[in-house]
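Peer 1: One structure follows; several queries about it will come next.
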Amino acid sequence: MEASGKLICRQRQVLFSFLLLGLSLAGAAEPRSYSVVEETEGSSFVTNLAKDLGLEQREFSRRGVRVVSRGNKLHLQLNQETGDLLLNEKLDREDLCGHTEPCVLRFQVLLESPFEFFQAELQVIDINDHSPVFLDKQMLVKVSESSPPGTAFPLKNAEDLDVGQNNIENYIISPNSYFRVLTRKRSDGRKYPELVLDKALDREEEAELRLTLTALDGGSPPRSGTAQVYIEVVDVNDNAPEFEQPFYRVQISEDSPISFLVVKVSATDVDTGVNGEISYSLFQASDEISKTFKVDFLTGEIRLKKQLDFEKFQSYEVNIEARDAGGFSGKCTVLIQVIDVNDHAPEVTMSAFTSPIPENAPETVVALFSVSDLDSGENGKISCSIQEDLPFLLKSSVGNFYTLLTETPLDRESRAEYNVTITVTDLGTPGLTTHLNMTVLVSDVNDNAPAFTQASYTLFVRENNSPALHIGSVSATDRDSGTNAQVTYSLLPPQNPHLPLASLVSINTDNGHLFALRSLDYEALQAFEFRVGASDRGSPALSSEALVRVLVLDANDNSPFVLYPLQNSSAPCTELVPRAAEPGYLVTKVVAVDGDSGQNAWLSYQLLKATEPGLFGVWAHNGEVRTARLLSERDAAKQRLVVLVKDNGEPPCSATATLHVLLVDGFSQPYLPLPEAAPAQGQADSLTVYLVVALASVSSLFLFSVLLFVAVRLCRRSRAASVGRCSVPEGPFPGHLVDVRGTGSLSQNYQYEVCLAGGSGTNEFQFLKPVLPNIQGHSFGPEMEQNSNFRNGFGFSLQLK
């Protein structure tokens, strides 16, 4: 059942409130009695249950009051608006109860929220609506003329369907000179007439008499019924038949077959001839006795004519008459007691059943039912049970009522329905069993939050994606059902307030699909993470969250950028190489970076063009330009090299670096073309600026150290020296060239030539070819050594190791 259906969870219900509408709660176990006269028209008022329960009209309607009875026979109806209990139909006491007095119809009143039930009964009061009826309208009685006064002759009784005072009260006979009638009472309470002789008969005077027998009931006014009695005066017959015993008591099982011998009665007559011949018959037998038993008129055997039913008649009182041919008769009584056998299985009557039931409500009433067995004694005793492996409890109440309720809170996610079998067994031998199967459905309560399939998700997106690209999905499931299991997704506020999540991704609230809202740039944003929430639609709603990491995959969208040598058309970089250089001499190193990552940033170098092919070579992995052979005089003094720098992307991107190499015999008087003007500082990207600043700082520190050293040496020498001015290009030189993509920093020792100009107050100098080792923390580890090799006057060189 769906949580949106607003099911009323009936928790901790009052299960055993046996109060029925009284003034106090104590001592209310006795059922409340109501009465109605039989034959009252349908829809007649019986009582007002709302007043009896002490409930206001609104409360009465809210409690959902119901009236149920055994077998769900609807003799009563309840007006929910007024609380009036009305007759559903006209009641006939004789049809409902027969001769049973009092005639009581039991019913139950059920209330909900909380659950209660009460016992009640409706007594149907008899009215005198039936007259006495003689089954035999004519009776023949033979009386011997020698019968003395006071002799009694039993007559057949009348039947009256009414009970109590409306039943037969007495019998009267029409006026005559010989007989009167006495009203006798049997052990079962029924009354029968007995004809008593008051005056001796004389057949010669009067051979027969015709009398009218009248049966009167006790109603007001009384009703009556009549029968004709023919009295035949017979000649003297000295002896009447006599039974061996006047009273017989026998027991017979209710499952005895038809024609079963119940008992054999026997009578004798001491007369001889036809006066001694005896015949047997039922005397004053009711319609039920006549249908149930038969008597062999010659042998006196009493046999069954139909099947017995203990539940309808527990005993029969049968009168047997033995009559001789002379008209004399004798009477005996046979009391037949029916023995109950276990021939009725228990019955289960369901009064209330609730399904589905909420999963989180313990002690919720599921069903109210009653059990019964038409048998008696041990055969009518009942035990009731359910399966042991179910979370339900069966409690006994009053009047063979049972309540089935939940023992513990249920979990719909573990089990959504239960098949409950109510087993009712009597204690007979063998016992009979009745099974009642019920399917109890468990309604859902929003007690499970959505659960993501993963605690965290990692999504990969290639940069330069198209906007609205589906980049992945998150998924959450909810073990509940219905609207409680409908999951909606949302983006939670990012923990990083600077992350513009709303402009980066969006999520489909229904299926959890994630979309990139704009094109991503790996160089600007390599990765970001955010949280995704999943909420159900229960009331109240439950939610959970998961972490989503988005990794931007690099695309080869950046060409290599050459850091050194600087590519400036107005001030080309010129490297000096002595002609005496050995093969493998390090000319310079091309340093380049790539804004991409991974293999897109793996750079390789190759010599694209050269003035003298085969003179120089470029190492593919580190960009070092070295001499490939010995230099000769035939080699041009000026060499132009074009180095191709290519990444490993697909497709690859590339850049070129142009190098100018000047072959010199020595470093004393190198020739370097002066630039026309110092190049303006271009707009560089941030990485280039950082590297240039770092290089400039290191170079300045080194120049200061060299100047200090030179100044000290100059002070110690007295003679002046004249040296040629060295012309070098202006501009920044990198002090610490690093391949940021894994090519490594320069690892060779660097040789610096310092040229000083004579006659200058400041004695400027420039280093021409820095070959610096790895510098950690901008400190020089090895000590400086001075080379005492002088050229053209005053000159010196420094070497850093």
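Placed from the backbone N, Cα and C atoms, the Cβ positions cover glycine too.
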Peer 1: Swiss-Prot annotates one residue of N437, N464 as N-linked glycosylation site; which residue is it?
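Peer 2: When Swiss-Prot is consulted, N-linked glycosylation site appears for N437.
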Peer 1: Just choose from C9, C97 the cysteine that Swiss-Prot connects to C103 via a disulfide.
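Peer 2: Of the candidates C9, C97, the one Swiss-Prot pairs with C103 is C97.
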Peer 1: Which Cβ among the glycosylation sites (N419, N568) has the fewest C-beta neighbours inside 10 Å?
Peer 2: N419
Peer 1: If you count every Cβ pair below 8 Å, which range out of 248-348, 353-452, 457-562, 569-672 shares the most with the domain 'Cadherin 1' (36-134)?
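Peer 2: Between the stretches 248-348, 353-452, 457-562, 569-672, 353-452 has the largest tally.
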Peer 1: Name the residues of the same chain, 6+ apart in sequence, whose Cβ is under 8 Å from the Cβ of C103 (disulfide bond)?
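Peer 2: Expected: E38, R93, L96, C97, Q123, V124, I125, D126.
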Peer 1: Using DSSP and collapsing to three states, where does C97 (disulfide bond) fall: helix, strand or coil?
Peer 2: helix
Peer 1: Count the residues of the domain 'Cadherin 6' (569-672) that DSSP assigns to helix (H, G, I), to strand (E, B) and to coil, and report the three numbers in that order.
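Peer 2: Output for the domain 'Cadherin 6' (569-672) reads 4 helix, 46 strand, 54 coil.
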Peer 1: Between the Cα atoms of N568 (N-linked glycosylation site) and N437 (N-linked glycosylation site), what distance do you get, rounded to the nearest Å?
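Peer 2: Here the two Cα atoms lie 96 Å apart.
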Peer 1: Let me know how many other Cβ atoms fall within 10 Å of the Cβ of C97 (disulfide bond).
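Peer 2: 18, counting other Cβ atoms within 10 Å of C97 (disulfide bond).
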